[in-house]
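Peer 1: Here you go, one structure.
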Amino acid sequence: MSTVEQQLDDLEAQITSELPSDISVSSVKYEGPELVVYTRDPKKFAQQGDLIRQLASKLRKRITVRPDPSVLSRPEQAREEIMNVVPEDAGVTDLDFHADTGEVVIEAEKPGMVIGRHGSTLREITKTVGWTPEVVRTPPIESSTVSNVRSFLKQERDDRRDILEKVGRQIHREEMSDDEYVRITTLGCCREVGRASFILSTPETRILVDCGDKPGAEGEVPYLHAPEALGAGPQTIDAVVLTHAHLDHSALIPLLFKYGYDGPIYCTEPTRDLMGLLTLDYLDVAAKEGRSPPYESEQVREAIKHCIPLEYGDVTDIAPDVKLTFHNAGHILGSAVSHFHIGDGLYNVAFSGDIHYDDTRLFNGAVNDFPRVETLVLESTYGGRNDYQTDQADSERTLKEVIKETYEKDGKVVIPAFAVGRSQEIMLVLEEAMRSGDIPEMPVHLDGMIWEATAIHTTYPEYLRDDLRDRIFHEDENPFLAEQFNHIDAGEEERQEVADGEPCIILSTSGMVTGGPIMSWLGHLGPDPDSTLVFVGYQAQGTLGRRIQNGWDEIPTSEVGAMGGGDGRGTLSLNMGVETVDGFSGHADRAGLENFVKTMNPRPEKVLCVHGDERSTQDLSSALYHDYDMRTFAPKNLETFRFL
Ligand SMILES: [Zn+2]
């Protein structure tokens with residue numbers, strides 16, 4: 001008998017002895033990080049509201065209770081009874097019964113009303129029908145990503161349970177090593193921006209944190225084949241943790257499955273959906289540009305199947321000696337500062353991922369309050385000594401000025417933007433500016449994946465800034481549903497019409513002008529001196545965006561590609577105005593990064609400054625060392641640090 005089985009037997013005995021004698025336990029299983037307790041008396045369990053919480057704190061495990069399949073009422077009957085319990089205003093759009101696990105997934109427009117105060121309605125459902133309810137939000141704007149991910153996971157349910165059971169056994173295996181150390185190996189994004197990837201290792205466990213590509217630099221990937229990484233075989237990695245969905249952190253996660261990895265990916269639920277959207281688009285863009293991508297859509301599906309979503313604040317066992325907790329990072333939807341607690345009080349490491357320290361229109365500022373942290377791995381995108389951004393209110397004023405001036409010339413404003421994050425921030429600025437009369441009302445066209453990414457934002461309002469979340473809950477105030485927003489969904493013909501038409505604003509991917517429909521807009525409007533190209537986000541070295549920013553105005557048509565109308569010969573004259581309005585970045589600026597560290601509770605002993613060019617990481621590292629008396633480093637790629 002394996003030790004995990006012994007452990008489960010012991011747990012079953014312990015749980016049985018803790019429960020009142022009229023509640024029976026039929027089996028106990030691990031599913032991923034959770035302990036699932038099957039009972040023949042789910043209704044009695046639900047009647048004693050506090051029982052699960054008490055068990056969870058006693059056993060220090062995340063516990064889910066499910067009915068033994070033998071006691072379930074028929075779905076048709078349960079459906080009727082559930083609809084009687086749930087208030088009509090909740091707007092239930094779908095009920096999906098899974099007899100194998102006794103779960104019923106309830107999709108509703110207002111999930112809060114299905115949950116009830118402190119979960120009271122959920123308990124009422126179980127008390128009435130015995131099934132275990134799970135609630136998901138009906139997207140207020142239809143999202144093909146959300147519905148595809150949900151139906152895919154439904155279809156793969158059996159596979160997924162096998163995966164979760166296997167992961168559960170991995171997590172709860174017996175610790176084999178008496179040695180104690182914690183190491184971090186840098187596989188990318190050191191003294192550069194892009195291809196974020198790290199290995200966090202202990203004698204027992206190896207965790208890969210992020211696995212991104214490098215925009216503008218074809219074929220460059222993290223040093224995945226280093227002996228510390230996949231060099232020892234993909235099966236030696238226990239878990240992958242994804243801080244957020246931007247491609248410079250997520251693009252090569254599916255590649256791991258091509259290499260034979262088949263373990264879990266921990267991320268938030270919106271990160272899972274956004275990763276699906278962005279990696280599929282990454283494949284699409286590569287195909288359109290005639291490049292052969294490193295993996296196929298099959299591997300994206302594998303990655304999604306292996307995601308274990310966690311919410312902010314959930315303390316989760318991900319290995320015998322590692323607990324992971326995500327906290328809001330304020331950067332993009334679902335982005336997470338990832339905190340690792342190693343051993344029983346042995347050591348703590350926090351990876352910032354990308355952060356924004358102050359509140360923005362979209363998100364609350366990054367969390368920097370932890371029970372303990374000895375080492376912080378900190379992004380340094382704007383860590384340079386002069387990397388101070390304009391105050392956002394000033395930036396908004398400048399943007400509105402540029403829009404007004406362009407409008408008066410009868411021109412069009414083209415804004416290259418990341419689909420995820422800055423686009424929605426700019427949408428909120430434009431919606432308010434038009435509503436308050438600061439700028440004239442005009443159509444705002446959303447091209448590329450911006451519309452879809454916006455729909456995903458409205459599916460997970462819990463991850464947005466408090467007041468924005470409240471507005472989305474009230475449908476008539478949802479700013480993303482404002483009528484000036486138009487989804488460019490009819491391709492080149494529609495673009496031509498817009499380009500020939502009235503003054504307007506165009507938000508288009510890609511954010512660094514490295515491909516996608518922005519190329520087409522350059523082709524249409526680049527020669528027009530009355531129009532304006534406005535950069536609102538970071539332009540990495542080597543990207544076309546950076547070169548245009550630096551004054552390049554004769555662009556070889558080979559650069560703009562077929563989408564920009566290029567035939568590979570001659571040049572495109574860029575006559576349109578070019579403006580840069582910073583201050584909308586999803587990244588903390590130098591002051592924000594310093595404030596994040598300065599006000600961090602507790603103050604870390606060591607800081608690794610990563611994810612910034614050479615100058616930024618070194619500047620930030622030496623400033624933190626001088627000002628806050630901590631050990632700081634600006635590592636290169638492929639360095640290993642030993643802590644403890
Ligand atoms: Zn990012």
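Cβ atoms here come from the backbone N, Cα and C positions, even for glycine.
Look at TrEMBL and you will find H244, H246, H331, D354 tagged as Zn(2+) 1 binding site. What TrEMBL lists as Zn(2+) 2 binding site is D248, H249, D354, H611. If you look up TrEMBL, you'll see 5-72 marked as region 'KHa'. Annotation source TrEMBL lists region 'KHb' at 73-140. Per TrEMBL, the feature region 'Metallo-beta-lactamase N-terminus' maps to 181-385.
Help me picture these features in the structure, burial and contacts included.
Peer 2: In three-state terms derived from DSSP, H244 (Zn(2+) 1 binding site) belongs to neither a helical nor a strand segment and is classed as coil.
Taken residue by residue with DSSP, H611 (Zn(2+) 2 binding site) is part of neither helix nor strand, so it is coil.
The average pLDDT for the region 'KHa' (5-72) in the predicted structure is 90.
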Peer 1: According to DSSP, does D354 (Zn(2+) 1 binding site) sit in a helix, a strand, or coil?
Peer 2: coil
Peer 1: For ligand 1, list the binding-site residues among H246, D354, H611 whose CB atom is within a distance below 6 Å of it, in sequence order.
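Peer 2: What lies within reach of ligand 1, judged by Cβ under 6 Å, is H246, D354.
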Peer 1: With H, G and I counted as helix, E and B as strand and the rest as coil, say where DSSP puts H249 (Zn(2+) 2 binding site).
Peer 2: helix
Peer 1: Taking the center of the Cβ atoms of D248, H249, D354, H611 at the recorded Zn(2+) 2 site, which other residues in this chain have a Cβ no more than 8 Å from that point?
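Peer 2: Filtered neighbour residues, in order: C189, V193, G194, A196, D210, G212, T243, H244, H246, G353, E379, T381.
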Peer 1: By DSSP, how many residues in the region 'KHa' (5-72) are helix, how many strand, and how many coil?
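Peer 2: Reading the DSSP string over the region 'KHa' (5-72) gives 32 helix, 19 strand, 17 coil.
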Peer 1: As a test of the contact definition, list every same-chain residue at least 6 positions from H244 (Zn(2+) 1 binding site) whose Cβ is closer than 8 Å to its Cβ.
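Peer 2: Non-local contacts for H244 (Zn(2+) 1 binding site): S250, C267, T271, L274, A329, H331, I332, G334, S335, A336, G353, D354.
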Peer 1: Work through the binding-site residues one by one (D248, D354) and point out the residue whose CB has the fewest other CB atoms within 10 angstroms.
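Peer 2: Ranked by other Cβ atoms within 10 Å, the binding-site residues D248, D354 bottom out at D248.
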Peer 1: C-alpha of H246 (Zn(2+) 1 binding site) to C-alpha of H611 (Zn(2+) 2 binding site): distance in Å?
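Peer 2: A Cα-Cα distance of 13 Å.
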